[in-house]
Amino acid sequence: MDAHLAFRTEGWKGKRLHLGVCGSVAAYRALDLVRQWQDAGLSVSATLTPAAQKFVTPLTFAALGASPVYTAPFDDAQAPTPFAHLEPGQVAQALVIAPASAATIARLAQGQADELLACQALAFRGTPVIAPAMNPAMWSHPATQANIGLLRSRGCAVVEPGCGRTACGDEGQGRLADLREIYLAGLRALAPQDMAGTRVMVTLGPTREHWDGLRFWTNPSTGTMGAAVAVAAWLRGARVEAVCGPGTPWLPAGITRHNVVSARQMLEAASSVWPLCDAGVFTAAVADFSPVPPADAARKFKKSDAPDGFDVHFAPNPDILKTLATSRRPDQKVAGFAAESQGLEDSVRGKLVSKKADLVVGNLLQDGFGTADNTVFVADASGREERWTRLSKTDVAWRLLSWLLSR
Ligand code: CTP
């Protein structure tokens, strides 16, 4: 699992996710989902429809730790409990159906309780997450689209199927979505929606300052920390605007991504979304300077252009955090990051003031660049200070959002 998606937060310890698996070639991919949610600290139970059992076995799900695994027909006297049709709905906090077949989607839309999984879905008090997988003609059929529309109108989260070639050889939209989308939709169904109704901007990754037609000035930021903040805010119900430098990680489709290259482009993109936002988290490792390009910046600078070497002049870049924090409305909250080689605590306190931020999270260069976890010193404008040692970046993201929300 990518480091920015590995959420093992306290928030869902002891929670159970129920996975419904329908008949589809993609049924085998549901096994990876069981693993991923378990790695996040959830307990997972499963129901395999009779059609699903033609593709995958209950034993495989049980061997991977799914418990219980329901397979018995709805009215089977041999079923382990007479309440198999109710139990997941009473015990699990999230219900994800992946892959969801056209038949099960139709049952769910009609509230038809003639099959175990459909019955469990009917007895579930929340709204299920549905990840359809089927032939493109079946997916685009007006009947399926009407059923999906109905389920959406009842609040179901639909993880749109992907486009491409399906197992039957047809091209189009219909194959099971990227598993990361389904994994995150399951977590979102469990996460506290304490950021619902808010919009958050996150800057992330490095910037790249071009010098000639080939070369540029940059730094080794991977954008993992910022991606973890963006995903954490989205899981908690926020709308998220991610302003991403080059090479930053994959983000779910629910997050609006603004790809930029240079510091100036990042400022431009951030400035255009900032007035719409309630909070900004500035994690990007923005280049503070850009090399002043040679006369013909589009051309490759040749060895023969400077046989004895040459000097490059660097011009300052705008400070994005400081610019936007200075001009913010009183209701907008701002968190910054600080990457330091020494004097961490004093630098964090200094940047709180100089950048006009509400909160600054600082780390030493060796603790935060290119790693999955981080040791940070956090301070806010009211004087509260904390040190978080060797926390995953996803935990740092979760905690910093809680802190920012509470201010
Ligand atoms: N930042 C920014 N725009 C810049 C430089 C920094 O938005 N041109 C933001 C970063 O995203 C981070 C914070 O400012 O949230 C601190 O960045 P950092 O690189 O630690 O500090 P600098 O402002 O670059 O200052 P210095 O180089 O003196 O440490």
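Here, residue 1 is simply the first one shown, and the rest follow in order.
Quick reminder: no glycine exception, Cβ is built from N, Cα and C everywhere.
TrEMBL entries are annotated by machine, without manual review.
According to TrEMBL, the region 'Phosphopantothenoylcysteine decarboxylase' annotation covers 1-199. Looking at the region 'Phosphopantothenoylcysteine decarboxylase' (1-199) alone, the prediction's average pLDDT is 93.
As annotated by TrEMBL, domain 'Flavoprotein' applies to 15-151.
According to its DSSP assignment, CYS168 (active site, proton donor) is coil. According to TrEMBL, the feature active site, proton donor maps to CYS168.
The feature domain 'DNA/pantothenate metabolism flavoprotein C-terminal' is assigned by TrEMBL to 195-405.
Marked as region 'Phosphopantothenate--cysteine ligase' by TrEMBL: 200-407.
Per TrEMBL, CTP binding site is recorded for ASP288, LYS300, PRO318, ASP319, ILE320, LEU321, PHE337, LYS351, LYS355. According to DSSP, ILE320 (CTP binding site) sits within a helical segment.
Whole-number maximum of the Cα to Cα distances across the CTP-binding residues ASP288, LYS300, PRO318, ASP319, ILE320, LEU321, PHE337, LYS351, LYS355: 38 angstrom. In sequence order, ASP319, LEU321, LYS322, ALA325, VAL334, GLY336 make up the list of same-chain residues 6 or more apart from LYS355 (CTP binding site) whose Cβ falls under 8 Å from its Cβ.
Taking the Cα atom of each, ILE320 (CTP binding site) and CYS168 (active site, proton donor) are about 50 angstrom apart.
When the domain 'Flavoprotein' (15-151) is classified with DSSP, helix, strand and coil residues number 61 helix, 25 strand, 51 coil. Less than 6 Å separates the Cβ from ligand 1 in the case of ASP288, ILE320, PHE337, drawn from the recorded positions CYS168, ASP288, ILE320, PHE337 in sequence order. The Cβ of ASP288 (CTP binding site) lies under 8 Å from the Cβ of ALA263, PRO316, ASN317, ASP319, each on the same chain and at least six residues away in sequence.
Around the Cβ of ILE320 (CTP binding site), the number of neighbouring Cβ atoms within 10 Å comes to 26.
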